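Visitor: So TrEMBL lists these for the protein:
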BINDING   G40, P41, S42, G43, A44, G45, K46, D47  ATP binding site
COMPBIAS  1-11  compositional bias 'Polar residues'
COMPBIAS  17-26  compositional bias 'Basic and acidic residues'
DOMAIN    32-209  domain 'Guanylate kinase/L-type calcium channel beta subunit'
REGION    1-26  region 'Disordered'
Amino acid sequence: MNTRDMNTQKTGAGATLDHRPGDRRPDGLLGPGTLLLVVGPSGAGKDTLIDIARARFAGDGRVLFARRLVTRPAGMDEAHGTLNEAEFEALRAQGRFPLFWRAHGLCYALGPEVAQAIAEGGVVVANGSRATLPEARARFARVRVVEVTAPVAVRAGRLAARGREDAADIEERLSRAPEVDVAPDLVIDNVGTPADGGERLGAFIAAELAATE
Ligand SMILES: Nc1ncnc2c1ncn2[C@@H]1O[C@H](COP(=O)(O)OP(=O)(O)OP(=O)(O)O)[C@@H](O)[C@H]1O
Ligand SMILES: O=P(O)(O)OC[C@H]1O[C@H](OP(=O)(O)O)[C@H](O)[C@@H]1O
């Protein structure tokens, strides 16, 4: 299976059971492909920019836009696989997740298809957690970090308009600030149009493809 096929693959909890994480290199790291993590505070616009970049690389089998597994019902504004906490814990204990984290009272994971795409030399783009960057580098051979930012007042307005969380949850999201422990490879101050930010992310992905071919 190439990474384009995996782009459309269903990655709900049941579907992951047939797959094993990709082969590890002698150094124990998942490679040789790139894990490109898009991180930054809630409301900065990570998913928005990822969606724009996804459209640019539609049909490009070298790029997989990871569909996260989250213990949150799938909403209208973000496609992810949904599973409950017991399912999450069972899969985690079986070692099915190449990367997982907890935040906002939720559990998040990347599924085995991510490890497979990396093993095939692909570039995997994923919305990740700032807090999980050290773990990502401990597991993956090549990690690139794109940090998306926006002023807190802008983020507050966006989260309120998005309407996915209530006021208390939004407050928690606005105040959450885990450290980004390395200098990001790219910072996108997402205060222009979504198209502008999406173009910058897309250009970074294209450069990563060129660098790894
Ligand atoms: N450049 C922009 N200009 C105006 N609105 C934007 C821009 N980028 C994103 N938005 C809007 O801001 C809201 C939050 O964006 P998005 O969901 O992409 O953020 P996020 O960083 O993924 O947040 P979270 O971590 O909470 O999922 C969305 O409703 C989106 O439409
Ligand atoms: O604050 P940190 O640890 O960087 O990020 C925590 C997690 O929360 C957000 O996801 P979502 O808004 O719940 O989809 C981020 O995308 C990340 O996965």
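Every residue, even glycine, has its Cβ placed from backbone N, Cα and C.
Since we're looking at a predicted model, the values are computed, not measured.
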Visitor: Inside 10 Å of the Cβ of G43 (ATP binding site), count up the other Cβ atoms and send me the figure.
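Guide: Within a 10 Å radius of the Cβ of G43 (ATP binding site) lie 24 other Cβ atoms.
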Visitor: Where does K46 (ATP binding site) sit by DSSP, helix, strand or coil?
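Guide: DSSP call for K46 (ATP binding site): helix.
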Visitor: In sequence order, which residues at least six apart in the same chain have a CB under 8 Å from the CB of G40 (ATP binding site)?
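Guide: Listed in sequence order, they are K46, R130, E147, V148, T149.
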Visitor: List those of the binding-site residues G40, S42, G43, A44, G45, D47 whose Cβ lies under 6 Å from any atom of ligand 2, in sequence order, or write none if there are none.
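Guide: From G40, S42, G43, A44, G45, D47, counting a Cβ under 6 Å from ligand 2 as near, the near ones are S42.
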Visitor: Non-local Cβ contacts of S42 (ATP binding site) (under 8 Å, 6 or more apart, same chain)?
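Guide: Listed in sequence order, they are H104, R155, L159, R173, L174, R176.
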Visitor: Under 6 Å from ligand 1 by C-beta, which of these binding-site residues make it: P41, S42, A44, G45? Sequence order, please.
Guide: S42, A44, G45
